[in-house]
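**Student:** Could you have a look at this structure, given as structure tokens, before my questions?
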Amino acid sequence: MAKENQTEFLLLGFSDLRVLQGPLFWVVLLIYLVTLLGNSVIILLTQASPALHSPMYFFLRHLSVVEVLYTTDIVPRTLVDLASPHPRAISFQGCAAQMYIFIVLGIAECCLLTAMAYDRYAAICRPLHYSTLMSWRACAAMVGTSWFMGIITATTHTSLIFTLPFPSRPVIPHFLCDILPVLRLASTGKHRSEISVMTATVVFIMIPFSLIITSYARILGAILAMASTQSRRKVFSTCSSHLLVVSLFFGTASITYIRPRAGSSVITDRILSLFYTVVTPMLNPIIYTLRNKEVTGALRNVLKKQVSSP
């Protein structure tokens, strides 16, 4: 097919579920606003509070930046589509750009969550070497590597996928230009891209998750070796928030990208994608705020200063 005919895709969105479009619009809008507010609070709080100037909260701040950009790449377009009774077209370039940003931020989040697990391992299992292992230069290198890996992966995937031949006006049975729904529409030559997707899935889902599990297995061993019950509780409380976020992110990502194609359906794919692109970014700051005493304490101090200041 000639490239000049590949001008746009038709995003199905939720137009086949018109009864749900109105309520879903307001639910998604509310979740998006809460996501922006919650992650903005985390970003500002970890920057303004000296008590949160540590590697763990440095990573958390960058994770919140990723979440804000991640949802902003998806949700505004989804809200516009939900307000329309009919499927809306997205340009070939617009679809490629959305997928590119989506992949960059998704891979960056995988790497940041892995870095946060390593930070907890270093703090609990190697406390005497913590300042060396988690120096600010090392932390900056980990964050930079997270973004670099996202850019490299996104460039590879979008280049492979969007040079494939597509029908003249393909319909994407989804509300975003995700990898698998777009790849399935290609007329021919999908094999190389499918191998690339599978490789990236193993590298950026299975390997990071395995590293996180290994880190926490060692942390668990260190916790069980502690004599004091109070020390065990304190250590566990610092890890529980991160573990919950990891479970949400890698759980939905694994189901979406590792699940056999025969076991998938259009509605299931959209529900899963709605959860990890809209709901999870809202839950992360709530989890870290409610389950972390240092964050809640810093938030109270900042609010007290704001109230008491003239």
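Any Cβ shown, glycine's included, is placed from N, Cα and C.
Heads up, here are the entries from TrEMBL:
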DOMAIN    38-288  domain 'G-protein coupled receptors family 1 profile'
TRANSMEM  24-46  transmembrane segment
TRANSMEM  99-118  transmembrane segment
TRANSMEM  139-162  transmembrane segment
TRANSMEM  195-214  transmembrane segment
TRANSMEM  235-258  transmembrane segment
TRANSMEM  270-290  transmembrane segment
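Relative to the rest of the structure, where do these features sit?
**Tutor:** With a cut-off of 8 Å between Cβ atoms, the residues of this chain six or more beyond the transmembrane segment (195-214) that come close are 107, 110-111, 113-114, 117-118, 149, 153, 156-157, 160, 179-180, 183, 246, 250, 253-254, 257-258.
Within its own chain, the transmembrane segment (270-290) has Cβ neighbours under 8 Å at 14, 28, 31-32, 34-35, 38-39, 41-42, 60, 63-64, 67-68, 70-71, 74-75, 78, 173-176, 178, 241, 244-245, 248-249, 252-253, 255-256, 296, 299, counting only residues six or more beyond its boundaries.
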**Student:** How about long-range neighbours of the transmembrane segment (99-118): same chain, 6 or more residues beyond its ends, C-beta under 8 Å?
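**Tutor:** Beyond its ends, the transmembrane segment (99-118) has Cβ neighbours at 56, 59-60, 62-63, 66-67, 69-70, 73-74, 139, 142-143, 145-147, 149-151, 153-155, 157-158, 161-162, 176-179, 182, 200, 204-205, 208, 211-212, 215-216, 242, 245-246, 249-250, 253.
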**Student:** For the domain 'G-protein coupled receptors family 1 profile' (38-288), what's the mean pLDDT in this predicted model?
**Tutor:** 86
